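Colleague: Once you've had a glance at the structure underneath, I'll fire off some questions.
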Amino acid sequence: MADMDPETATNTAGEEEPLFSNLDLFLFSLIVGLVIYWFMSRKQQEPIPEFKKLDTPTPTTRETSFVEKMKKTGKNIIVFYGSQTGTAEEFANRLAKDAQRYGMKGMAADPEEYSMGELARLAEIENSLAIFCMATYGEGDPTDNAQDFYDWLQENDDENLSGLNYTVFALGNKTYEHYNAMGKYVDKRLEELGAKRIFDLGLGDDDGNLEEDFISWREQFWPAVCEHFGVEASGDESSIRQYELKVHTDVNMNKVYTGEIGRLKSFEVQKPPFDSKNPFLAPVTVNRKLNKAGDRHLMHLELDITGSKIRYESGDHVAVFPTNDSELVNKLGEILGVDLDVVISLNNLDEESNKKHPFPCPTTYRTALTHYLDITNPPRTNVLYELAQYASDPKEQENMRKMASSSPEGKALYQNWVLDSCRNILAVLEDMPSLKPPIDHLCELLPRLQARYYSIASSSKVHPNSIHICAVVVEYKTKTGRVNKGVATNWLKNKLVNGHKSTVPMYIRKSQFRLPFKASNPVIMIGPGTGIAPFMGFVQERGWLKQQGKEVGETVMYFGCRHKNEDYIYQEELEEAEKNSVLTQLNVAFSRDQDHKVYVQHHLKKNKEHIWKLIHTDNAHIYVCGDARNMAKDVQTAFYEIAEEYGSMTRTQATDYVKKLMTKGRYSQDVWS
């Protein structure tokens, strides 16, 4: 007790000592307290409580064996689809539905959801057949949902598919370099692995008439299937419904979808990671018109991705989910005489199907027509065929059935009346007054509204929290005098900065369109019009690399527009980049500022010697972005001519030379038709 007050010590000594001092009592209390605390706080083994078993069924894991599912549901035909924009999926559903008309049972299947290693087991099912509707995306690539299947086909050389009967319908576009590459590969590879092709590969060309290509192939395909399996068509040409309508009269509105792509309320409570099934709602922070004059509207938008954990690279694509024009939606409601705000569900009649609804349900007709269904594209022939029964005028009904047939007259009528006249479903209903389909059947038949992809016009090195879009608003007059408007571009145009509903549901799609790994490699960028978009990101990135003290190779730009004083977009930014030597050469073709047309390929030919040196000696990378139908082909031809002249090659050698550049990743294209 050395630290006790001296006065207290003296007083204590003079008193009679009790049995326990205050200090003893204090220490004793402390010890008892600690012991009690230890007993109370130590972890005791708790008895396991008995939980009452709930009546609700436990969530089942998704069936990944398509063979077991087919056995369970008595199906013998499976139609796999590789789809990016929904068309291949739509064709797959039509073929699966067709099977019933031919006395068979079919199912459409997403290869991403099943174990494709089970293809060999399909032989366990009598008269089984696998159909593949395969779209090609980008530069001969598989679609996102077919990537794993593609990898599996490439990696499994020892797979024995000798018991597999198959056929392939490919979806592509002839304006692209690798026309129908994915469909051709699947067809060839399955044969290499021993599978038996029971009908010829079908080639659909979206640059021509994809619908006609599909119908012509399908008309010959089914008789060949019947002959192969020795079955007869049932002759049942009646409409077959896939979904049944349920109207919800008493429903909790918190359980109703209002436009979400995947998870209910995902737009209210955002949770990363963000992708095609869970898009991020990005606020629009900039929306400005780029062109100074002219009758077009070119625009620059900036989307804020702060806090989303979204990462992107220059050259990637941003996918946005647009909504349909409310005026079109209201007109559909009026012409069909329905209350669009009724809450409904469309439930699959096949309870075993992975696809329970054609779009998120329950929802309202208004939401379905606004967010989920494509109401602006011309309806395909199967939609006309199914709807024909609801036309009370025999002549209109006959015309609809004729357009859905494979007869030359029917094909010509469909081409002229629907496609060439750009009639969407509203125009069809307006021009066939007796046609009054039930809205639920119409909603079942219309394809899903798809995301739109735009080349990102910024660099994440400079703008880590912002994604830039450059686009031209689509609006045109049809042969019928109607004005058709592009869904996504008009929707984006009307996005007010910081205004009501100024957010854009979006996600990133990775691309192979990449700057060279070595910054010292020269780059040649060719992008007229809005094809300049990815190159704005490239220029920003090359400027950033220079600021970091990196050695940056020559950066050459070829841009084209109609008039210098009208649509020379990003003029200030490009001229500033040239002034700062970020762009070592800026070549701009103004196609209509003189008597004769001048395009980017003409400027390429002017600089032939310099271009050849960059490519052949300095290991330059070439990038082309924009129109696939004319520009990309003309630019490629210009490179052939340069290689012929300065490389002393024949046209065949020059073509091979450019193709090798593509194979090595030194000639990249991001083009559309």
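Backbone N, Cα and C atoms are what each Cβ position is placed from, and that goes for glycine too.
If you look up TrEMBL, you'll see 20-40 marked as transmembrane segment. Residues or ranges marked as domain 'Flavodoxin-like' by TrEMBL: 77-222. Taken from TrEMBL, the feature FMN binding site covers 83-88, 135-138, 171-180, Asp206. The feature domain 'FAD-binding FR-type' is assigned by TrEMBL to 277-516. Residues or ranges marked as NADP(+) binding site by TrEMBL: Arg296, Thr530, Ser591, Arg592, Lys597, Val598, Tyr599, Val600, Gln601, Asp634. Feature annotation from TrEMBL assigns FAD binding site to Arg452, Tyr453, Tyr454, Ser455, Cys470, Ala471, Val472, Tyr476, Gly486, Val487, Ala488, Thr489, Trp672.
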Colleague: What are the DSSP helix, strand and coil residue counts for the domain 'Flavodoxin-like' (77-222)?
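Modeller: Summed by class, the stretch gives 64 helix, 35 strand, 47 coil.
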Colleague: Do you know offhand how many angstrom separate Tyr179 (FMN binding site) and Gln601 (NADP(+) binding site) by C-alpha?
Modeller: 23
Colleague: Please give me the CB contact count at 10 A for Gly86 (FMN binding site), counting all chains in the structure.
Modeller: 16
Colleague: Let's check the environment of Trp672 (FAD binding site): how many other CB atoms sit within 10 Å of its CB?
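Modeller: 16, counting other Cβ atoms within 10 Å of Trp672 (FAD binding site).
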Colleague: How big is the Cα-to-Cα gap, in Å, between Arg296 (NADP(+) binding site) and Ala135 (FMN binding site)?
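Modeller: With the alpha carbons as reference points, the distance is 32 Å.
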Colleague: Which one, from the binding-site residues Arg296, Arg452, Lys597, has the smallest tally of other C-beta atoms lying within 10 Å of its C-beta?
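Modeller: Selected from the binding-site residues Arg296, Arg452, Lys597 on minimum Cβ neighbours within 10 Å: Lys597.
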Colleague: Work through the binding-site residues one by one (Arg452, Tyr454, Cys470, Gly486, Lys597) and name whichever has its CA nearest to the CA of Gly86 (FMN binding site).
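Modeller: Comparing Cα positions, the closest of these binding-site residues turns out to be Arg452.
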Colleague: Give me the CA-CA distance between Ser591 (NADP(+) binding site) and Gly138 (FMN binding site), in Å, as a whole number.
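Modeller: Distance (Cα to Cα, whole Å): 28 Å.
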Colleague: Hey, how far is Gln601 (NADP(+) binding site) from Ser83 (FMN binding site), Cα to Cα, in Å?
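Modeller: On Cα coordinates alone, these residues lie 34 Å apart.
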Colleague: Highest CB neighbour count within 10 A among the binding-site residues Val472, Ala488?
Modeller: Ala488
